[in-house]
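Features of the protein shown, as given by TrEMBL:
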type	residues	note
DOMAIN	43-293	domain 'G-protein coupled receptors family 1 profile'
TRANSMEM	29-50	transmembrane segment
TRANSMEM	62-83	transmembrane segment
TRANSMEM	103-122	transmembrane segment
TRANSMEM	134-159	transmembrane segment
TRANSMEM	203-229	transmembrane segment
TRANSMEM	241-263	transmembrane segment
TRANSMEM	275-295	transmembrane segment
Amino acid sequence: MAPRGNHSDGMTEFVLAGFPNLNSTGVELFSVFFLIYLLTLTGNVLILGAVGADQRLQTPMYFFLSNLSCLEILITSVIIPKMLSNFLSKQHTISFAACIAQFYFYFFLGASEFLLLAVMSVDRYLAICRPLHYPLLMSGAVCVRVALACWVGGLLPVLGPTVAVALLPFCRQGAVVQHFFCDSGPLLHLACTNTTKLEEADFALAFLVIVSSLAITAASYGRIVLAVLRIPSASGRQKAFSTCSSHLMVVTLFYGSAMFLYVRPSQSGSVDANWSVTVITTFVTPLLNPVIYALRNDRVKEALTDMFRKARAALSENSFLSESLRKKTVS
């Protein structure tokens, strides 16, 4: 007799399998991923602080970079803190509600990031290839509306698949999710019903978001490369290509890993291979983005230097005032 499935209403928790085939202890893994998380947060928070504090960075490019940093902070915070607690815990459980919430926010933020990367590539294309029209095309109001569209564009389409997954019947309590977080394929693999239709819907949505944004990004960078090739100065071409190649490296990693994971008709049969590729989108690109997009940028480095100088001056002034007040009080 087939096992009787428990509807999601009766499901209380899953068990996260974590990283397979690793001999490291929980403390060692905690140390490595905590460092990655700390560096990711630090880099992206520095970008947010610099863009917010320096008038020189009040441009469309840095506005979109600050949105990217927000997304990177949120998407890593959806995954890593729970994973870190599991490294130090003997029970790697996650509640059903937390699992579905993690599922939703991971895909919502990921979809928003794909849309934002496409917008950022169009912004660079307009800045380089349409410099005279750029201030009008990318005004402050336009930038806010476009960024909001990226967030909403990830927020709404993921609601349907999330509700569908939440309503699936799962075979038993404490089922093991073969991943370090609640990803789509491993969850569908645990369902006690045919998930073909849901996998096809997920594939269509992933194809629409990932491939369409990739096409826009590729077309924009293609136009940028053609424009750069027409620059008469060799040093100007080298500088432009250096910037573009760095951006393209991150874009290639992000899109390539996402297409491997999600742009295919069946996900539930690929559980064993998913975790290693997911590391790229979850840990590597959020760590690289602050370095590639901003911290290698001279204007951002100048803004950070000024921000630290002002902070140090403010601390010195506060220390001096406190010391003066103390002396007056003693007198």
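In case you wondered, yes, glycine gets a Cβ from its N, Cα and C as well.
TrEMBL labels come from automatic prediction, so no person has curated them.
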**OP:** Would you kindly check 134-159, 241-263, 275-295 and say which stretch has the most C-beta pairs under 8 angstroms to the transmembrane segment (103-122)?
**Re:** 134-159
Original post:
the transmembrane segment (275-295): which same-chain residues, six or more beyond its ends, come within Cβ distance under 8 Å?
Top reply: 19-20, 33, 36, 39-40, 43-44, 46-47, 50, 62, 65, 68-69, 72, 75-76, 79-80, 110, 178-181, 183, 246-247, 249-250, 253-254, 257-258, 260-261, 301, 304
Original post:
Can you tell me the mean pLDDT for the domain 'G-protein coupled receptors family 1 profile' (43-293)?
Top reply: 85
Original post:
In terms of Cβ proximity under 8 Å, which residues at least six beyond the ends of the transmembrane segment (134-159) contact it?
Top reply: 60, 63-64, 67, 104, 107-116, 119, 123, 126-127, 205, 209
